[in-house]
Amino acid sequence: MQRSTFTESLADLKSRGVRLTPQRQMILRYLKETHEHPTAEQIYHQVCQEFSGISMATVYNTLHRLKELGVIRELSYGDMSSRYDGNDSEHAHLVCEGCGKVSDVPCPPKSSLEMPELAALGYAVGSYRLEFYGICPSCQAHEVHPQESELN
Ligand SMILES: [Zn+2]
Ligand SMILES: [Zn+2]
């Protein structure tokens, strides 16, 4: 499944009887159009440029609601702030441990994943989250190697 666009998501919500205020639409549009995985704070700063009166609470409420409606996803990382993802297609993530950047990567085919016998554990499994961790090219370029710093 391809990721749905802002227009498609809006039409989908409308057909389900969900109406979004212009502010909420703006948040949805931003998430559908960006390939970054912004935090709530970054979303707030973005939306502020158009709706200067918007509050952080509105941003949080909207994110919660959009997540409930299934049009965006929340990626939480322990004590770091959550990232929000407008990409509703099945995909995996590449996370930089240096700068925290999150990129989308295609999911490996299900057949290549060694699945444990989930049914035997009594769970009704609805979804899974797959993430690869590493250091992005830009962090690698800026990395100071310990040996080099000792020499200088
Ligand atoms: Zn990085
Ligand atoms: Zn993503």
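Even glycines carry a Cβ here, placed using N, Cα and C.
Pulled from TrEMBL, these are the features on record:
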type    : residues                     : note
BINDING : Cys96, Cys99, Cys136, Cys139 : Zn(2+) binding site
Entries of Cys96, Cys99, Cys136, Cys139 (binding-site residues) sitting next to ligand 2, with Cβ under 6 Å as the cut-off:
none
Given a 10 Å Cβ-Cβ cut-off, pick out the one of the binding-site residues Cys99, Cys136 that has the most other Cβ atoms nearby.
Cys136
Same chain only, sequence gap of 6 or more: which residues have a CB within under 8 Å of the CB of Cys139 (Zn(2+) binding site)?
Cys96, Gly98, Cys99
For Cys96 (Zn(2+) binding site), just count the other CB atoms lying within 10 A of its CB, please.
17
